Every structure is written in structure tokens, then in C-alpha cells.
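Beneath this line is the structure, given in C-alpha cells, with notes to follow.
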Amino acid sequence: MGGCAGSRRRLSDSEGEETVPEPRLPLLDHQGAHWKNAVGFWLLGLCNNFSYVVMLSAAHDILSHERTSGNQSHVDPGPAPIPHNSSSRFDCNSVSTAAVLLADILPTLVIKLLAPLGLHLLPYSPRVLVSGICAAGSFVLVAFSHSVGTSLCGVVLASISSGLGEVTFLSLTAFYPRAVISWWSSGTGGAGLLGALSYLGLTQAGLSPQQTLLSMLGIPALLLASYFLLLTSPEAQDPGGEEEAESSARQPLIRTEAPESKPGSSSSLSLRERWTVFKGLLWYIVPLVVVYFAEYFINQGLFELLFFRNTSLSHAQQYRWYQMLYQAGVFASRSSLRCCHIRFTWALALLQCLNLAFLLADVWFGFLLSIYFVFLIILYEGLLGGAAYVNTFHNIALETSDEHREFAMATTCISDTLGISLSGLLALPLHDFLCQLS
């Protein structure tokens, strides 16, 4: 990886001299590199997903009729706003927040579909640079937008940044000890929590959405600094005892007679080998698709319709709280891998579908009387989604050979994007149907 700092002091090659070894220096160097990479991947996960999360948290503001031109003087309505659609029992925008979801996810889907075919031919450093530039551009474009269409173009830039970054950094984990996957996953969960919480907090404090978005321009700069200045060279990594212990318990996902090789050879895999690896990955891809379909159908199809009038929170504030609590659950579970390892992720998919059915029934029948019960369900929803993500990639890292791991990571990261895209496509007509109910 050309962009990572990785100079190392060589040991003396002098012969004939017996010197007293200093075994603690290499150990300290190894520990220092371990923590630099751990922090580096955590920050990369945080920065990569930050713009994506902020755009979803701002979805109601992007589409709201209560915004003024330029997003410069947004004022939250009172606790009982006049419905946008007076003939509906819901307080609906003319366009579902799923429209923002689709703009925030479809470019990512295209990138992830094409990534296994040839993205590995492009060096990592240019990919990271493009990702950072797109993230910064998304904040600026949405902040200064005077129309929903222009704002959605900014959301598309955030999607390109997040999608390109995710497939790049997950592939990059193949060159480092498997422990960095846990740090990356925790960072992406942190992006959800900090992104939603920062947008909620700054707008609650009185900043306009424009000022809030412009205040976040330091995040893309932090992403570039984490990659180019913090990560050590992967060639210097030594997996160590933890890796050996994990490999002894590994159950191969792909049966092969070929000996394992060092990661980095995915570009030499034949189409037949890629297809064989892909078929083995379906056991993990399908449940992750289902989990993300269910949770984002809730987030972008139902959040806007779960509106309680018997509370001091306005509709926009309720939507931001939903997003923040969901992301808090995601962060907690994505950071829990060392405490709880789940092999059978199908169970998480089933539980998430039950969440969807329950909240959809509440939207239809309106039997929940307190917003705080919905808060608990949404927090639980986030816990399930985060656990599915981190355990899926951890299981794949354990059960694929080194020569297949880079390709497997790049391929599996399409799972969440595919599920989110399907949920957005179905949430749009559902929104229109429910908002026409009197």
C-alpha cells in the first residue's frame, strides 16, 4: 500500500560480533504498530460512514417544507405542527425520506457490484483520496443547496464516498491481523452514533442545518490523515499468537487443496475460483441482506410515520431521536465482538423481521401510546443490525483462506447495501399508500 507510512529500522547484519540482544524493542515496535493500526481502522470506520449517517439524519430536513431557501433559517415547528397532507392521519412530507435513502445507497450499490470485477486493479491511495474529496463535497453541496434536487446530488456524493471507502478499507483488512475487523466495525458504529448525535445536538442547540453540515468538514480531513499518516505498512505486520490461535479453530468456508498464500493475490483468482468463493459466502450474505432490508425499511419507511402528537418533541425532533437511538444500538453491538461472538446470523435476521412486522402493525393500527416504548424497540433494532454486521465479517475472516480473504471481504460488503436498496424501493410506494389514508 503506497500511502501508508511503513519505514522500519533494520537489524544489524554484522557478522562475527556477538552483541547483547534487546528483545523488548521489537516487542514494543510490534505493540505500537498494533495500536496504531487499531486506532487507524477505528477512525477510518468512523470517518467513512459519517457523511452517510448525517445525510440520513438530515433526511427529514432535506425534504421538509418547513425549510427555507439555502437551509439557513430552519426552525423546528411546535409540538403539534400542521400536517403537510391534511387529508392523511400521518404528518407526511410529499416525498418519503426513502428518497434520501435511495440517493444515499444506490451509488454505493453500483460501486460494490463492480468492485469484485476490477476495483482491485486501482491502488488504494487514489481510492481513499477520491473518497475523502466526495465526502467533503457532499457536506458543502447540501449545505448551500437551494432545492431538494441539488441536495440529493450532495447525498449521492456522500454515497460514493461511503461505498468506495467501505469496499476499499474492508479489502485492506486482508493485509492486517484479523483483529482490525473488530476495530473497523466499531468505528462504523461510532460513525452512526456520533453522526446522528452531532446532527441532533447541534440543531437542538440552535444551529441551522447549513451551519451544522459545514461544521463537519473536518471529518474527511481526518479520514485522509488516518490513512496516510497513521496506518503502518502492512508488509511489516506479524499476525502473532492471536492469529495462530484463531487459525487453529478455523473451519474452512471454501474447501480447497491449494495451500494458503499471503493475502494480496485476489487479482490472480480465476472466474471459476471467484464463483466458488461467492457460493460459499451466500450462507453469510443472505441473512445480512435480510437484516438490513428489515431495519432500513423501518428506518426510512416507518420512522417518519411513527409520529406522536402527545409529546413535547416536534416531528423533526422525533425523527432525529429515532436515528440517534438506532445508531447508539449499532455502535454498542458493533463494539461487542470480543464479548459476544454469534456464528448463526440467521437468528438475527429472523428477530429483525419480527421488529419490522411489529412496527408496521403499529403504524397501521396505532396501538402504541408512548413514544418511549418505540425508543426501546429502535435501540434493540440497532443492536441486532450492528451484531449482524460485525459477526458476519468476523466469521468470514476466520473461515476464508488468506488468498481468498480480500475478494471475500469486497464481495460480502454488498450485502448491507443490497438490503438497504431493496428496502428503499419498497418504502417509497408504502409511504405514498399510507399517506393517502384518511
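Just so you know, glycine gets a Cβ as well, placed from its N, Cα and C.
Annotation comment: Swiss-Prot describes ASN71 (among others) as N-linked glycosylation site, evidence class sequence analysis.
Taken from Swiss-Prot, the feature N-linked glycosylation site covers ASN85 (among others).
Around ASN310 (N-linked glycosylation site), the same-chain residues at least 6 positions away in sequence with a Cβ under 8 Å from its Cβ are LEU369. For ASN310 (among others), the entry in Swiss-Prot reads N-linked glycosylation site.
Annotation source Swiss-Prot lists S-farnesyl cysteine at CYS435, citing similarity to another entry.
If you look up Swiss-Prot, you'll see SER12 (among others) marked as phosphoserine, on the strength of similarity to another entry.
What Swiss-Prot records for SER14 (among others) is phosphoserine, and it gives similarity to another entry as the kind of evidence.
Reduced to three states, the DSSP call for CYS435 (S-farnesyl cysteine) is helix. Neighbours of CYS435 (S-farnesyl cysteine), defined as other CB atoms within 10 A of its CB across all chains, total 21. If you look up Swiss-Prot, you'll see CYS435 marked as cysteine methyl ester.
Marked as region 'Disordered' by Swiss-Prot: 1-25 (among others).
Residues or ranges marked as region 'Disordered' by Swiss-Prot: 237-268 (among others).
Here Swiss-Prot flags 409-419 as motif 'Lysosomal targeting motif', drawing on similarity to another entry. For the motif 'Lysosomal targeting motif' (409-419), the residues of the chain that approach it from at least six positions outside its boundaries are 105, 108-109, 112-113, 115-116, 119-120, 163, 166-167, 170-171, 173-174, 266, 277-278, 281, 284-286, 288-294, 296, 389, 392-393, 396-397, judged by C-beta separation under 8 angstroms.
Marked as topological domain 'Cytoplasmic' by Swiss-Prot on the basis of similarity to another entry: 1-37 (among others).
Feature annotation from Swiss-Prot assigns topological domain 'Lumenal' to 59-127 (among others); the stated evidence is sequence analysis.
Per-class residue totals from DSSP over the topological domain 'Lumenal' (173-182), listed helix then strand then coil: 7 helix, 0 strand, 3 coil. The feature topological domain 'Lumenal' is assigned by Swiss-Prot to 173-182 (among others), with sequence analysis given as support.
The feature topological domain 'Cytoplasmic' is assigned by Swiss-Prot to 204-277 (among others), with similarity to another entry given as support.
Per Swiss-Prot, the feature topological domain 'Lumenal' maps to 299-346 (among others); the stated evidence is similarity to another entry.
If you look up Swiss-Prot, you'll see 368-438 (among others) marked as topological domain 'Cytoplasmic', on the strength of similarity to another entry.
When pLDDT is averaged over the topological domain 'Lumenal' (59-127), the result is 68. With a cut-off of 8 Å between Cβ atoms, the residues of this chain six or more beyond the transmembrane segment (152-172) that come close are 1, 41, 44-45, 48-49, 51-52, 54-55, 62, 99-100, 103-112, 115, 119-120, 124, 127-128, 130-132, 134-135, 137-142, 145, 184, 220, 223, 234, 266, 393, 406, 409-410, 413, 417.
Counting residues of the motif 'Lysosomal targeting motif' (409-419) by DSSP class, helix then strand then coil, yields 10 helix, 0 strand, 1 coil.
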